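First the structure, in the form of structure tokens, and then the observations on it.
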Amino acid sequence: MIMLNIGPFSFHSRLLLGTGKFPDFDVQQKAIDVSEAEVLTFAVRRMDIFDAKQPNLLEKLDVKKYKLLPNTAGAKNAEEAVRIAKLAKASGLCDMIKVEVIGDDRTLLPDPVETLKASEMLLEEGFIVLPYTSDDVVLARKLQELGVHAIMPGASPIGSGLGIVNPLNLSFIIEQATVPVIVDAGIGSPADAAFAMELGADGVLLNTAVSGAKDPIKMAQAMKLSIEAGRLGFEAGRIARKRCATASSPLEGMSVVE
């Protein structure tokens, strides 16, 4: 398969994995291992990255094996998002940041105005910017025009497990994209992840679908395989949909039974 390129980075895996809500560190580590994810994301606000006394996933992981993707979850406006991003960068984690500015506490949908503003500010600061956005086609285009390094439209609300509720909009975003499109939020099953890849997405970021599964380790492996299968299917090219049947066996040379 073709590698996933985000800014200056290249990855074999197209699965980006969140690190929250796992039952314990052991399950988390095993799930990460079997997923073969190379990019791990985490909320900076949920980890005291400057307090050595506070346990966190960075103590348990061989961070040299992964590209860390801090996110700005908890930010309510662009200024807060930029402040969180700078904290992550100051800790030496990474200059790649997932911009997440929530505009509604019930749906956890992103604030489009503040997301645009935060993305522009962080680009000016030299960050590699991956904004979490809705499936708004125009907003995705405006983010792309700013110069973001990837676009991360939600399949459905965060943690909902509803899967892709608006495949048409998602396909429009993918068709117009000149940067990678990473489907983020709402993925509930391997079928959802495969569908995203079959639509032409460049990758999938998920968390709850794995960490909240009855067996997170098995689900992590299932997600890995479904994303690989979906991407291979997209690259191979599906057959055209037709209203009428077409025989799969050749008819030439067949004898006629009278």
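Backbone N, Cα and C define each Cβ position, glycine as well.
As written in Swiss-Prot, here are the features:
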ACT_SITE  Lys98  active site, schiff-base intermediate with DXP
BINDING   Gly159, Ala185, Gly186, Asn207, Thr208  1-deoxy-D-xylulose 5-phosphate binding site
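All features noted in Swiss-Prot, drawn onto the structure.
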residue	record	Cβ within 10 Å
Lys98	active site, schiff-base intermediate with DXP	29
Gly159	1-deoxy-D-xylulose 5-phosphate binding site	17
Ala185	1-deoxy-D-xylulose 5-phosphate binding site	26
Gly186	1-deoxy-D-xylulose 5-phosphate binding site	24
Asn207	1-deoxy-D-xylulose 5-phosphate binding site	21
Thr208	1-deoxy-D-xylulose 5-phosphate binding site	18
Worksheet entry | Span of the 1-deoxy-D-xylulose 5-phosphate site, taken as the largest CA to CA distance across Gly159, Ala185, Gly186, Asn207, Thr208 (Å, rounded to a whole number) | 9
Discussion item. Quick check for the class: what is the C-alpha distance, in angstrom and rounded, between Ala185 (1-deoxy-D-xylulose 5-phosphate binding site) and Lys98 (active site, schiff-base intermediate with DXP)?
Written reply: 13
Discussion item. Cβ within 8 Å of the 1-deoxy-D-xylulose 5-phosphate site centroid (Gly159, Ala185, Gly186, Asn207, Thr208 excluded): which residues?
Written reply: Gly18, Pro157, Ile158, Ser160, Gly161, Ile187, Leu206, Ala209
Fill in: Distance from Lys98 (active site, schiff-base intermediate with DXP) back to Gly159 (1-deoxy-D-xylulose 5-phosphate binding site), taken between C-alpha atoms, in Å
17
Worksheet entry | Inter-residue C-alpha distance, the residue listed as 'active site, schiff-base intermediate with DXP' and Gly186 (1-deoxy-D-xylulose 5-phosphate binding site) (nearest angstrom) | 16
